[in-house]
Amino acid sequence: MASGNCTTPTTFILSGLTDNPGLQMPLFMVFLAIYTITLLTNLGLIALISVDLHLQTPMYIFLQNLSFTDAAYSTVITPKMLATFLEERKTISYIGCILQYFSFVLLTVTESLLLAVMAYDRYVAICKPLLYPSIMTKAVCWRLVKGLYSLAFLNSLVHTSGLLKLSFCSSNVVNHFFCDNSPLFQISSSSTTLNELLVFIFGSLFAMSSIITILISYVFIILTVVRIRSKDGKYKAFSTCTSHLMAVSLFHGTVIFMYLRPVKLFSLDTDKIASLFYTVVIPMLNPLIYSWRNKEVKDALRRVIATNVWIH
């Protein structure tokens, strides 16, 4: 953590989204509203799935964990970002930065793997409907969830351990609104070659394995659906996948742009906008995407409201 006369900084200074004083309060209000909506919708969906027996199915177990991941994702990033709009000196402690980085990497991989597992669940439900209850049992679902959390944890541990070995002698100003790897590597006075290689290898491994699983699942889903004769059957099959495909496109599209694009296209300012999208905006959109046209979720919400009204 230290080399020669270099001492590890006790704090980092975050540059934030903008240094324009006139934009600080408007941006604070906008992102406070987004964060509030994110928490209310994701925690609301978690609670709804927990209390409604009709939603105790594999698809909603995974959706519940996706909502938890999104709520945690937003909470790791947004509160500190909101604070930077109100503080003249936008600081984060060294330990706070490391913890934020660890949590961010953990949740990014968790979401990626969850989207892959959800695609596999849809594949089994549509392509093997008779075997679905025996294949996707609750025990299997929770083993998959625990497995992907474990993989994400180990991956985050590797990257965070590498970050702890870096020295920051020349600067402690992070050109970002949170502690991400690219701006931290940029100000490191140590060689970051190994760190960058690990980010690329593990990032590619998890992203591509998730994307390949999703693509293969949907190839089989499409081949099965086109053989369904009734229009209602086709519509029902596709409608269960539309929300998931939207979530996959938003998340993986942004992550691929962020971490797997050519070096010549790299720009920290561009990264800020892309990071803002998948750390703040997507966690707000996901519960809306999954519940907006979902009849089962709407029916469950009506049942819960009706029960509470009847009790009172």
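Quick reminder: no glycine exception, Cβ is built from N, Cα and C everywhere.
Quantities reported herein were computed from a predicted structural model and do not represent experimental measurements.
Pulled from Swiss-Prot, these are the features on record:
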- CYS97-CYS179: disulfide bond (DISULFID)
- ASN5: N-linked glycosylation site (CARBOHYD)
- 1-26: topological domain 'Extracellular' (TOPO_DOM)
- 50-57: topological domain 'Cytoplasmic' (TOPO_DOM)
- 80-100: topological domain 'Extracellular' (TOPO_DOM)
- 121-139: topological domain 'Cytoplasmic' (TOPO_DOM)
- 165-205: topological domain 'Extracellular' (TOPO_DOM)
- 227-239: topological domain 'Cytoplasmic' (TOPO_DOM)
- 261-271: topological domain 'Extracellular' (TOPO_DOM)
- 293-312: topological domain 'Cytoplasmic' (TOPO_DOM)
- 27-49: transmembrane segment (TRANSMEM)
- 58-79: transmembrane segment (TRANSMEM)
- 101-120: transmembrane segment (TRANSMEM)
- 140-164: transmembrane segment (TRANSMEM)
- 206-226: transmembrane segment (TRANSMEM)
- 240-260: transmembrane segment (TRANSMEM)
- 272-292: transmembrane segment (TRANSMEM)
Q) Restricting to the same chain and to residues at least six past its boundaries, which positions have a Cβ under 8 Å from a Cβ of the topological domain 'Extracellular' (165-205)? A) 1-3, 6-9, 11-17, 76-77, 80-81, 84, 92, 97-98, 100-101, 104-105, 155, 158-159, 259-260, 266, 268, 271-272, 275-276, 279
**Q.** Counts by DSSP class (helix H/G/I, strand E/B, coil) across the topological domain 'Extracellular' (1-26)
**A.** 6 helix, 4 strand, 16 coil
Q) So, does the transmembrane segment (27-49) come close enough to the transmembrane segment (58-79) to give 3+ Cβ pairs below 8 Å, pairs being at least 6 apart in sequence? A) yes
Q) What else in the chain is close to the topological domain 'Extracellular' (1-26), if you only count residues 6 or more beyond its ends and a Cβ gap under 8 Å? A) 80-81, 84-86, 89-94, 97, 164-165, 167-169, 172-179, 189-190, 272, 276
Q) Quick one: mean pLDDT on the topological domain 'Extracellular' (1-26)? A) 80
Q: For CYS179 (disulfide bond), just count the other CB atoms lying within 10 A of its CB, please.
A: 25
Q) If you draw a 10 Å sphere around the Cβ of CYS97 (disulfide bond), how many other Cβ atoms fall inside it, taking every protein chain shown into account? A) 23
Q.
Are there residues at least six beyond either end of the topological domain 'Cytoplasmic' (50-57) with Cβ under 8 Å to its Cβ atoms? List them, or say none.
A. 64, 138, 296-297, 299-300, 303-304
Q: Grab the same-chain neighbours of the topological domain 'Extracellular' (80-100) for me: Cβ-Cβ under 8 Å, and only residues 6 or more beyond its ends, written as numbers and ranges.
A: 8-17, 24-25, 27-28, 31-32, 35, 160, 163-164, 174, 177-179, 184, 280
Q. Which numbers of helix, strand and coil residues does DSSP report for the topological domain 'Cytoplasmic' (121-139)?
A. 13 helix, 0 strand, 6 coil
